[in-house]
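What follows is a single structure, written as structure tokens, with notes after it.
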Amino acid sequence: MQNHLTTSQRRALWALSLAYFIQATGSLSVAGSLGSISQEWGISDAQSARLLSIFGLTFALGAPLAQVLFGKLMRRTQVLAGMLVFGLGAFIFAIAPDYKVLVASRIVMGLGASLIGPVLVALGAELVAPKERGSAIATILLGVSMASMVGIPLATWVASAWGARLLFMLVTLVSLVTAAGVWILVPNEVKGADIHLRQVARVLTEGKTLTAFLVVFFITSGVYDMYAFISPIIRDRWQGDISSVSIALAVIGIAGIVGNLFVTRAARHYSAEQLLVAGLTLLVADMLIIILLPAQLSLLYILLVVWAFSTDLLALVPLMASEPNGIEKLRELAV
């Protein structure tokens, strides 16, 4: 099918994709850098991993509240503000004298991210004609995929080679550069949405939506617990070094991208409930095998492919369950 996007539209979409890449990399780089962070600040791996949880909790609470408070602003303005706050949080992390300041920095980064990720897709979709929105959204989401495949493993290597402080100083720099790119390349013509607190509260008061929310919450918590501790797990159980961690993270990223291609096809033939059961069964079985099998890195890498595929299945469930034409949208969004 012929692509009718103009050059300026393509540049705008790639700028938004880069913003998503920076946000995803900066957000999750703690996972591969636990050892460097623990050594730099003299804290335990559990305390370092808690920095990832603090970010996630702030993001989860901040994203809906940010739209209630600032949703009326132009969407580009929201993204620019988010990138600047995110970069500020990374700078605070880089110069933090102690653990309390590290916690504060992750809260600031979470608040910034709450104005980036949730807004980028909506902004990009409104910049193009309706028939081009599938392609536009796929371009933006490519930034997240590339963060998993390239950004986070690279961040792990940087933290190991030059320290976590330099890593987050680089996150600060690229956040500012990316914000400048968004300001230059993305037109300021997409208005925000007027969202009220009662709309957010309804999710937590209606039985069906609350149940769906809790299912997604606990699945995501389990997935990110594994992700958060992958560095010390590989170090302590598999006697791996930092290169082993980088390879593991790259395997997850590549498997996630390839898995999405197959999973979006499966979504056309199976219901959200069937994919949920399949994804949970596969994930539980995979985790049990990881626990029981001998500690060989080659086996772990294979099992991480299965882990990434099962999380791809679970990631589709909320979208399929919330959209009447979710399957067709998933097909259009496949990269």
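Note that the numbers count up from 1, one per residue, in the order the chain is shown.
Placement of Cβ uses the backbone N, Cα and C atoms for every residue, glycine included.
Now, the feature entries from TrEMBL:
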- 12-335: domain 'Major facilitator superfamily (MFS) profile' (DOMAIN)
- 12-31: transmembrane segment (TRANSMEM)
- 51-70: transmembrane segment (TRANSMEM)
- 77-95: transmembrane segment (TRANSMEM)
- 107-129: transmembrane segment (TRANSMEM)
- 136-160: transmembrane segment (TRANSMEM)
- 166-186: transmembrane segment (TRANSMEM)
- 207-230: transmembrane segment (TRANSMEM)
- 242-263: transmembrane segment (TRANSMEM)
- 275-293: transmembrane segment (TRANSMEM)
- 299-321: transmembrane segment (TRANSMEM)
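The transmembrane segment (242-263) makes contact with the transmembrane segment (136-160), as judged by at least three Cβ pairs under 8 Å among residues 6 or more apart in sequence.
Across the domain 'Major facilitator superfamily (MFS) profile' (12-335), the prediction's mean pLDDT works out to 85. For the transmembrane segment (107-129), the most Cβ-contacting stretch among 12-31, 51-70, 77-95, 275-293 is 77-95 (pairs under 8 Å).
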